[in-house]
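Single-structure report; data block below.
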Ligand SMILES: [Cu+2]
């Protein structure tokens with residue numbers, strides 16, 4: 001409907017002087033009524049169109065490329081780690097409980113959101129948004145010039161070495177290695193941070209403070225679980241998790257045909273009976289990474305979730321015309337829940353503006369603006 005042409009014709013054909021002489025009053029009334037109705041419709045349609053087609057997000061001309069940790073140069077690896085340390089020196093900007101540093105802000109956001117962002121349809125979109133705002137903070141607040149790297153643990157499993165030998169655990173150009181060994185370590189701190197459903201997991205050695213690398217002196221304030229405790233970063237690298245992180249597991253995910261199957265197979269317990277790549281990866285590093293709430297306290301969280309985001313991206317890339325719109329799952333773990341759609345809003349509290357799932361579906365769009373390699 002071309003409103004502008006209608007109004008133009010109306011003005012041309014019925015000038016004020018001529019109109020009163022040539023056109024009967026009932027026709028003036030009728031045409032005025034029709035015009036007002038069209039104008040109102042135009043306003044309504046104009047108001048609704050942008051929000052129903054991803055308001056504010058547009059295609060980037062040159063999306064950045066996110067890469068796997070081991071293909072980065074040592075210089076790029078150091079630059080990333082330096083930026084994370086910078087975020088950890090800056091004061092918190094949120095008023096979330098326990099957050100002292102900018103790094104803590106993101107841990108605290110995850111803690112308070114945990115019950116509403118896991119085992120639900122928006123699990124992957126919410127974490128995509130979290131990674132993106134963390135990446136933006138590294139760039140804008142710490143001068144980072146690269147992109148968020150990811151950790152493809154299936155390469156380590158495929159290589160047949162212990163996970164501890166992965167380049168991500170390098171003491172110089174990685175995130176440091178395992179935690180100090182605590183005999184009879186049985187999961188993180190024995191508090192509310194562990195679900196009984198993963199109680200069968202046999203822990204690896206370690207469990208204490210990370211002793212080498214750039215995060216050996218790293219102090220955490222938020223966690224474990226809902227606790228607010230000043231403490232060191234802990235790990236208990238667990239090779240028993242390798243079976244969940246194999247190249248075959250990654251290949252199996254790619255065969256799934258619907259987002260519903262894909263998201264469940266990727267996320268794992270307690271929806272699935274045993275672990276999958278998401279919870280398998282968390283438990284493979286364990287210590288803080290094994291904490292359902294405060295796992296972003298380990299900077300490796302962002303590399304693990306970066307790979308999960310890539311797996312979703314790869315899956316969408318296989319059939320973008322339908323999969324860029326494929327979204328499903330429940331909004332909450334317990335009833336009453338609604339079905340998640342593209343209009344569902346991803347709440348980052350005071351850390352970043354709320355966006356809809358639609359706005360994060362295509363990573364080539366702003367505010368994401370990245371692809372994977
Ligand atoms: Cu999470």
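Cβ from N, Cα, C; glycine included.
Unlike curated entries, TrEMBL annotations are predicted automatically.
The domain 'Tyrosinase copper-binding' feature in TrEMBL is assigned to 118-135, 298-309. Taken from TrEMBL, the feature transmembrane segment covers 26-48.
Counting residues 6+ beyond its ends, the domain 'Tyrosinase copper-binding' (298-309) has Cβ neighbours under 8 Å at 66, 68-69, 81, 84, 103, 124, 127-128, 130-131, 134, 148-153, 168, 175, 215, 218, 233, 235, 266, 277-278, 281-282, 285, 287-289 in the same chain. Per-residue pLDDT, averaged over the domain 'Tyrosinase copper-binding' (298-309), rounds to 98. Broken down by DSSP into helix, strand and coil, the domain 'Tyrosinase copper-binding' (118-135) contains 13 helix, 0 strand, 5 coil. Across the range of the domain 'Tyrosinase copper-binding' (298-309), the DSSP-based residue counts are 9 helix, 0 strand, 3 coil.
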